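Colleague: Structure in structure tokens, see below.
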Amino acid sequence: MNDMAKNLILWLVIAAVLLTVFNNFSVENAPQTMNYSQFVQQVQNEQVKSVTIDGYTISGERNDGSQFQTIRPAAEDPKLMDDLLAHNVTVVGKKPEEQSLWTRLLIASFPILLILAIFMFFMRQMQGGGAGKGGPMSFGKSKAKLLSQDQIKTTFADVAGCDEAKEEVEELVDFLRDPTKFQRLGGTIPRGVLMVGPPGTGKTLLAKSIAGEAKVPFFSISGSDFVEMFVGVGASRVRDMFEQAKKQAPCIIFIDEIDAVGRSRGAGMGGGNDEREQTLNQLLVEMDGFEANEGIIVIAATNRPDVLDPALLRPGRFDRQVVVPLPDIRGREHILNVHLRKVPLADDVKPSLIARGTPGFSGADLANLVNEAALFAARRNKRLVGMEELEMAKDKIMMGAERRSMVMTEKEKLNTAYHESGHAIIGLLMPEHDPVYKVTIIPRGRALGVTMFLPEQDRFSLSRQQIISQICSLFGGRIAEEMTLGPNGVTTGASNDIKRATELAHNMVAKWGLSEEMGPVMYDEDESHQFLGGPGQGGKLKSGETTTKLDKEVRRIIDECYQQAEKLLEENRDKLDAMAEALMQYETIDADQLKDIMEGRSPRPPKDWDEGGPGSGSPVTEQPQGESSPADDGDEDDEEPSRRPSDPLGGPAGG
Ligand SMILES: Nc1ncnc2c1ncn2[C@@H]1O[C@H](COP(=O)(O)OP(=O)(O)OP(=O)(O)O)[C@@H](O)[C@H]1O
Ligand SMILES: [Zn+2]
């Protein structure tokens with residue numbers, strides 16, 4: 001609805017209100033009212049000068065000039081007229097007032113107008129005020145945002161760390177620049193391209209940069225924008241969007257989160273979903289409906305290609321897939337460089353070091369990291385962003401913000417110090433375990449303390465030994481508590497450790513085929529099962545007996561790891577005490593200090609340590625080896641304390 005129509009309705013409503021009010025009040029000019037008997041009495045007493053008779057209402061003036069009004073009990077009172085005339089009262093008749101047709105119409109339709117207005121209001125609310133947000137204009141029903149070719153500043157230079165994906169989409173640029181030329185040469189151009197990859201890897205950015213390179217308009221919409229309360233709305237939005245796009249061709253239509261509409265039909269929660277299916281059908285119809293030479297390319301993005309309706313992936317639709325993966329170490333460095341260009345940098349900044357320390361980070365995470373670092377620098381009144389700020393930003397993103405203000409009692413602190421030391425020592429001693437990079441008892445995010453491990457490189461698979469070692473180190477915290485506080489003193493702090501250890505053990509047995517007892521069999525069928533049932537109760541094919549066996553095997557692995565860790569910690573009790581003591585003193589200890597402790601020396605203080613207390617930032621600015629990753633820890637409760645980028649196998653089960 002356009003603005004004029006809206007204004008018109010508004011004025012109509014106001015007019016109707018005014019008229020109603022006017023009609024109700026205009027009748028009464030506040031004359032004195034009296035009852036009919038009094039009136040007749042006064043007429044007979046010759047007190048009345050004139051009357052106006054208007055239906056049941058009689059108003060008039062007395063001889064003394066005062067006004068009056070009365071209501072007569074019956075419309076006809078033949079005797080009254082005689083009375084009036086006999087007593088010299090001037091009688092004025094009055095035709096029943098003609099309300100204008102318009103007035104009556106308005107008054108009659110007032111409630112309808114009101115309902116209409118309210119309805120429109122909600123419709124607008126639902127459309128989520130895309131207009132007027134400045135910049136991209138939103139049109140009609142489709143809600144797609146249109147960026148004209150002059151508005152797009154993004155080019156391939158802004159996208160880093162996904163060179164293969166970039167190469168794959170390069171020919172689209174050629175095509176969009178000159179569709180007809182391409183056709184003459186007999187090239188077949190995909191109409192639909194599906195970009196697949198984890199969140200924040202730059203799918204939107206890449207799509208936009210295609211438009212930027214080809215200098216064509218860019219329509220963008222999110223799949224969830226199609227999903228509406230009313231059946232048919234989504235479908236009409238799709239139709240509308242393609243209509244608009246055809247007018248602008250050559251151009252790009254970008255549909256983010258296509259899984260919101262594109263899920264397999266009839267498979268969603270609670271059976272079918274008419275609205276979504278209609279929308280999807282419309283999308284399929286539209287994709288079939290335009291000719292390949294029209295110069296429209298539909299790019300869709302998703303991180304769940306597995307749930308998409310197969311019909312979407314058929315030839316002629318989204319038949320080309322471009323994978324946009326998480327960046328590797330070099331990719332991360334490139335992405336960092338892209339974003340570091342935008343801030344004033346100190347000389348000590350080494351993007352390669354940050355890249356090494358951020359496995360599992362997406363492009364969006366890295367952009368965020370640079371931004372956070374700039375904020376830290378601003379907060380510290382620095383003119384340049386240095387390595388220290390970048391490190392702080394990295395820690396914040398990995399482990400959550402430091403919560404120095406959180407009050408921990410000395411006892412809680414000591415307990416946390418032992419807990420983290422337990423993790424660290426087991427991590428240091430177990431074979432093939434990621435090196436420990438930093439241990440801290442400064443609360444971060446939801447965790448009371450954190451032990452950080454750094455994998456040597458990006459990992460895409462785990463060996464059996466690595467998993468065993470990880471389970472052991474996860475239990476290190478709990479065991480250390482038990483050793484120092486006694487069996488009744490242990491806290492709830494280890495619940496997240498236990499959860500993760502259980503998940504690892506479960507996956508070993510049920511998913512990764514790493515248990516001899518159970519064999520290389522997939523017991524968890526698919527993700528959705530785990531999602532609904534949780535680990536250990538998913539698979540349809542599992543008999544009760546198999547489930548029992550599974551649980552037993554998980555329990556065996558857990559018990560063995562627990563015992564192994566317990567033995568190790570008991571043998572190294574002196575190191576445990578020394579490390580906890582160092583943590584109480586410094587709050588954060590780094591790899592060098594850890595080394596000192598493990599070799600029986602007392603740890604040297606960190607570089608920026610003054611005897612006054614812990615330094616303001618994290619004392620570690622350079623890591624000697626490898627990459628960092630918070631392989632650990634949420635010591636407060638079940639909630640994930642922070643992101644854990646280093647789960648190479650898609651993370652633990654149970655979602
Ligand atoms: N490869 C990259 N190179 C440079 N910057 C990147 C890259 N990937 C992500 N970014 C930064 O992260 C921001 C968000 O990325 P983008 O929205 O493109 O991710 P996405 O894959 O579309 O995420 P989602 O799946 O959540 O929609 C970008 O605006 C950009 O600043
Ligand atoms: Zn822990």
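Every residue number used here counts from 1 along the chain in the order it is shown.
Glycine residues also receive a Cβ, built from the backbone N, Cα and C atoms like all the rest.
Pulled from TrEMBL, these are the listed features:
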TRANSMEM  101-123  transmembrane segment
DOMAIN    189-328  domain 'AAA+ ATPase'
ACT_SITE  E420  active site
COMPBIAS  593-610  compositional bias 'Basic and acidic residues'
COMPBIAS  630-640  compositional bias 'Acidic residues'
Colleague: Check the domain 'AAA+ ATPase' (189-328) for me and report the mean pLDDT.
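Modeller: Taking every residue in the domain 'AAA+ ATPase' (189-328) and averaging pLDDT yields 82.
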Colleague: Quick one: give me the count of other CB atoms within 10 A of the CB of the residue listed as 'active site'.
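Modeller: Other Cβ atoms within 10 Å of the residue listed as 'active site': 29.
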Colleague: When secondary structure is assigned with DSSP, how many helix, strand and coil residues does the domain 'AAA+ ATPase' (189-328) contain?
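Modeller: Within the domain 'AAA+ ATPase' (189-328) the tally stands at 62 helix, 29 strand, 49 coil.
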Colleague: Looking only at DSSP and grouping its letters into three states, which state does E420 (active site) belong to?
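Modeller: It is helical.
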